[in-house]
Amino acid sequence: MRRWGKTLTAAAVLTAALAGAPAHGVSAEDVSAHTIEVAPGTQDLVRDKLAELGIEPSYEFTTTTDGFTAQLTEEQAAALADLPAVTSAERARPVSILGTQYDPTWGLDRIDQAARTLDGRYTYPDTAGRGVRVYVLDTGVTPLPELGGRLAPGADFTDDGRRTTTDCQGHGTHVAGTIASQTYGVAKRATIVPVRVLGCDGRGETTDVHEAIDWILATHPAGTPGVLNLSIGGTDPDLGLEQAIRRAVRDAGLTVVVAAGNENTAAARTSPARVDEAVTVGASTRADTRWTENAGRGSNWGAKVDLFAPGAEVHSLHYAAPGRTAAMTGTSAAAPHVAGAAALLLGDVPGATPAQVAATLTGQAGRVLTGTGPGSPDLLLRVPQPAKPLDGLDRLGGANRYATAALIATDAFEPGVPVAYVATGQGYADALAAASAAAHDHGPTLLVSPRAVPAEVRAELTRLRPGRIVVLGGPSVVSGAVRTELAGYTYGEVTRVAGADRYETSARVSAATFDPGVPVAYLATGGGYADALAGAAAAGGRGPVLLTGRDRLPPSVAAELERLRPRRVVVLGGPSVVSEAVLDRVGGHTGGEVRRLFGGDRYETAARVSAATFDGGVPVAYVATGQDYADALAGAPAAGGRGPVLLTAPTGVPPSLAAELARLRPGRIVVLGGTGVVPGPVAQTLAELVAR
């Protein structure tokens, strides 16, 4: 782990290792790197002031915040701090090495098994992190053969003049080797991106680290899963850097792994170990205890630690020459084990969010440690194991919601479908309204982004070659350019069905699909997806799914019900989501019954809708997470009235779901989404239900 000192506060931050020459009569020893924090929109003003002082910023933030870094004297910093536009001009603090280096790694052997007795093997998923970029913010990485040509171009943010990402100290190469080398790596097919923030003496400045994260967020390829490993930290928090880490997680969707620190104290006293959004890693020993050497040296502990990983005498690559090895002790050596494990997860489930990655890492960890320290979790890293085939159960999960929808279509539909419905993947309402219509017309629902057709969807449309394409929603959710592009994938027309809002859109989809006198119409809240999802599968193309407000039946929906005059209406959800007043009004638009179906939660509601619709012995049942809508959107038209779409929790199979599957006895269960949303243990339980 690396140490830095005082942090920066920031409203908007500009961090620059200013390269301007010192003022007349000022020696080079009198200037140092500063972070200049400015109010949003005032960069030009501050830049002009820097020019007046003869200072040219070396870096201007573009992503993590607003601001610069620059080499300043204390007098210049004070002058800038007096400007109303400048929040602060804080001097950078040092970053330095805390890991200790010594001349079949026990760490790899330990993290793939539950028992402490090592079995001499390391077993990992076949994907091995393929397609995942792991950024190593450290002393650089030497391009050794052990990395198998998986070293991508990086960047050097130090000011030592070397202008290279090649390691001249050893720490970064050791870390990279633990993450992804052939012999010592956890994720043996992941790509390493070296980001040099520390010099040959193992020291650097906070400004360099902040600049590096800004660069990563600005250049990381869209749609590519990524991990950041920071074996750095200190006891004086850098608030600007902490905020940059939060943005990397929340805005860019990158998993950030940090070392807990080596001071044998509470990790809450160190930064960025205390950042909740990061995965904070403590160090363990061969004896499954927290690593400690003395009162002032050992793995940090406490509630801020998420889990532990091997960190005592961990062998990995030596930076100086191929074939040589080095050993490191400390949380610097532990963190890259977890970064590699995160890459393994993302290799299997590229669309997993940082929160899902963190939850899976801690959920799969072993409870085997002793002496972890006050408030620390008893969690030792355990890497995901290769998935075993489960009889009677299939999983359809792509890299993202677009790829998952395409996979579902591939599984359910043959080429030459009469129609394909296309809706935005950034909301649920339009796709759900189209689900029963798609089932009625024997075609899939595919998802696009507002301004682009994802590659996986293009490939599936090329395979399907639908007779026509129906776009759901207006140009604000599916642009005209996307509609034009879609025309190249059908020999028929591309039409758009859209209303002024989600309620009117659902009514227009119904009007374009169903004749009066349909046997059933389903009515669900437009304020959530779970109830409508269950209804779409139950409708199975026999009638529409219409959306309503809680206390008001929209005029467009009332008019469509009046046109349809369905023989019955099924209202989905309890009075808290669709009021009795709406129920009463619906009764005036049907000559038959109006029935409400709901349960104690979304899982039970889906089960009750299934029980009211499907007899036992259905050929298929689809199961999706109840925590998000994305993976399930394409499930209802794929079901096509042959079986339900049911919902599960990520932590286990709800009793209502288990009971309904036992009643249904489906010939096949299809899980929608990868292990990040429906974890392996949940899928195993579902498979056992099929086998009974």
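Glycine too: its Cβ is placed from the backbone N, Cα and C atoms.
So that you can see what the record holds, here are the features copied from TrEMBL:
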SIGNAL    1-28  signal peptide
DOMAIN    129-365  domain 'Peptidase S8/S53'
ACT_SITE  D138  active site, charge relay system
ACT_SITE  H171  active site, charge relay system
ACT_SITE  S332  active site, charge relay system
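Across the structure, H171 (active site, charge relay system) and S332 (active site, charge relay system) place their CA atoms 9 angstrom apart. Cα of S332 (active site, charge relay system) to Cα of D138 (active site, charge relay system): a span of 10 Å.
When Cβ atoms from all protein chains are considered, those within 10 Å of D138 (active site, charge relay system) total 31, not counting its own. Around H171 (active site, charge relay system), taking its Cβ as the centre, 27 other Cβ atoms fall within 10 Å, counting all chains. In the shown protein chains, 32 other C-beta atoms lie within 10 A of the C-beta of S332 (active site, charge relay system). Along the domain 'Peptidase S8/S53' (129-365), the predicted structure has mean pLDDT 92.
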